[in-house]
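Engineer: Annotation comment: TrEMBL describes 1-34 as region 'Disordered'. As annotated by TrEMBL, compositional bias 'Polar residues' applies to 19-34. For His109, the entry in TrEMBL reads active site, proton donor. Residues or ranges marked as active site, nucleophile by TrEMBL: Cys210.
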Amino acid sequence: GSSQSLAGGANPVGHIKHSNTQADQPSSQKASATKIQVEAMKRALESLNLNIVEMVDENATLDGGDVLFTGREFFVGLSRRTNQRGAEILADTFKDYAVSTVPVHDALHLKSFCSMAGPNLIAIGSSEAAQKALKTMQQMSDHRYDKLTVPDDAAANCIYLNIPSKGHVLLHRAPEEYPESAKVFEKLKDHMLIPIANTELEKVDGALTCCSVLINKSSEL
């Protein structure tokens, strides 16, 4: 069966259809587990009075792990969990932003090897698959992004926050997990760096961005 999930933010966000349970689970188990996630996330987003857009096309798949928003445009990875139709629905939802598709090879998601590490800064892994995807993004975009290349693909998945009282904040994988990549992050002198150990969640494909939903709301939350 097909499966769906939600993502939310300050702007309307598409009802994101995905499957993020283990591939060897029976399809009925995957559908059931994901339905629970969908309903829980939907309730949470509704409680924050966020706009929710339902993605109802049963042929469309769109996983949050394949959606990279740079602040200027969207890059959507075409992977085992996201297809062209899903990308089209995202583009239709966010008509004010360019949406470009990026083929993903040898990885679960686009954000398995990249993420935003700053307002104009893309963190990218060193593997052939990561570098090929970066080249595609550079070719598709009219904007020139800075890049931060780390030795480990998994470490390229980080979380950037712009917090008024703190400035640039970056959550990244801990030095004990990826020491060489941590050294690269430590060169970001303008960022407040927060190392996060994520070894156990990584075993079930739980990257840092997979475990978070960033919401642009006022501080009383």
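In case you wondered, yes, glycine gets a Cβ from its N, Cα and C as well.
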Engineer: Within its own chain, what residues at least 6 apart in sequence put their Cβ under 8 Å from the Cβ of the residue listed as 'active site, proton donor', listed in sequence order?
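Structural biologist: Long-range Cβ contacts: Asp63, Gly65, Asp66, Gly77, Ser79, Arg81, Thr82, Ala207.
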Engineer: Take the Cβ of Cys210 (active site, nucleophile) and count every other Cβ within 10 Å, whichever protein chain it belongs to.
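Structural biologist: The Cβ of Cys210 (active site, nucleophile) has 20 Cβ neighbours within 10 Å.
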